[in-house]
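*Asks:* Just dropping this structure here.
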Amino acid sequence: MLGFGPAMWFNDSYDYISVALRPRPHPIRPDGYGFWLLILRPLHSLAVVAFTQHLMGIAAGVLIYALLTKKFGIPGWGATLAAAPILFDAYQIQLEQLVMSDAMFILLVVGVITLVLWHRTMSWRVGAVVGVLLALTALTRSIGLPILALVVVYLLIKRAGWKPIVAMIIACALPVGAYMGWFKAVNGQFAMTNSDGVILYMRTSLFADCHEMNLDKRKELELVLLCINTPRDKREPSAQAYLWWDNENQLHVFGSGMKFTPEINANASTFAKKAILSQPGDYLAAVAKDFFRAFRWDRPQFPDYKTYMLYEFRNSFTRELPKWSSYHSTTDKDAEAYENGPAATRVVAPWSDIMIGYQKVVRLPGLALGLLLLVGLYGVAVRWRELGGAVLLPWLGGVGLVLAPAATAEFDYRYLLPAAPLACLAAAITIAGLRERRRPDATEPAVPHPSDPQHPKPQTADRQPPVQQTPDQQRPDPQPAKPQRRDQQPDAEAPQTTKAAQTTKVAETAEAAETAESA
């Protein structure tokens, strides 16, 4: 914050600022983060926005630490290691300095997973709280909505009961449904965005071949217009070009500003689905390529130089705000209106130099993320009788957050950061389970050898020492027996009786003695 104030900027940042200044359901992305900026708007401080996002990152780390130590008995040092990536990864810190929704999204996802794993038996009230958090997650980033299905499946496996599940679904559906109703009133479609079909079209743009799709040029003219005529081997290396770059994408044929309308979104969705069904092998190859791209040790430039550099502290792009067209304004004016002053990033040495050097060294490599997920997979496998146990939820969440962008959009380094804390959770729970299994059974404590000074005494702590009786107090056996010697002592290990029983025994002994003498 000292080196790059008041905040740093990404291409999406200006849309969020525009929503905070002029609230409306944005056609490209949900407004959850825009609402957060709207709440903070009276402060007119992007530095406060960045500060709250750093607090969100710290809060997510605290949740991970608390869950692992309190509920899974992991030592403090182990829980600290699991929370370290979200607290110290330089790219996580840089993401929190950006005017972006990712810090909020990560906190909400970690909060949902923590709350579900914290409660082994869930009441309907806890289910409702989880549902509200899931709604906020989905309204922050639409990819958060499938997490609801993941949590529902997990609770069904754990037999949590129908009450918390129903409460969770209702609590999630109400705010999401209300937002979709607002979206329909403004944009004419009951949905969260008008971009899902267009983004899926971008996913298929690198391999879609209209000759293999067998499109009817007369009946499906609106789809034929979306065909990319460039040969597949000569297309751009990144699919982003066919959505965002005006000189490459085919969507401009429908006119300026029409890219994210309901009609174009529906046509693009239909085209993309036809491409996937016609070329399933090409689609799976594209998904696999982007999925495994996430697990490289190095960090090669992708998808393009500018996007790659926007995740670096050393970038110079946000030191001057772009003057792009915005909703009833321009991006630079919106940013300055929100800040109520200059809003471009100001680089201040030596703090900026410290963070630039820090980012070169401290990061979680993709290979480490992959290894964490493999450890979690092992934890799921060894708990196959429990269908994965507590490891299943964070592991599926981590894998899903890596796989979903590869399947529906395109790889981006930013999309890996929300998966890291879940992968750390899954790996930590797995390792804790392995350590627990190697310990001796806690229900069978080891007993010291009799020669050990700590060997327990035969006498129990809750018993009084046995009262030694005189020969006259000894009760005769029912059968005739030899007279007891006077120097013989009663067995020290005999069970102790109550005082009332002792009195009765003494009286009976005396009576028996008198009878014997008279006889």
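Here the Cβ of each residue, glycine as well, is placed from N, Cα and C on the backbone.
What TrEMBL shows for this protein is this:
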TRANSMEM  46-68  transmembrane segment
TRANSMEM  98-118  transmembrane segment
TRANSMEM  124-157  transmembrane segment
TRANSMEM  164-183  transmembrane segment
TRANSMEM  362-380  transmembrane segment
TRANSMEM  387-409  transmembrane segment
TRANSMEM  415-434  transmembrane segment
REGION    439-519  region 'Disordered'
COMPBIAS  462-473  compositional bias 'Low complexity'
COMPBIAS  491-519  compositional bias 'Low complexity'
*Asks:* With pairs 6 or more apart in sequence, are the transmembrane segment (415-434) and the transmembrane segment (98-118) linked by at least 3 Cβ pairs under 8 Å?
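*Replies:* When sequence-distant Cβ pairs are counted, the transmembrane segment (98-118) touches the transmembrane segment (415-434), since at least 3 lie under 8 Å.
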*Asks:* Would the transmembrane segment (387-409) and the transmembrane segment (98-118) count as touching if the test is at least 3 Cβ pairs under 8 Å, pairs 6 or more apart?
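*Replies:* Between the transmembrane segment (387-409) and the transmembrane segment (98-118), contact is present.
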*Asks:* Residue list, the transmembrane segment (164-183) vs rest of chain: Cβ under 8 Å, 6 or more residues beyond ends.
*Replies:* 25, 30-31, 122-132, 134-136, 138-139, 145, 148, 151-152, 155-156, 189-193
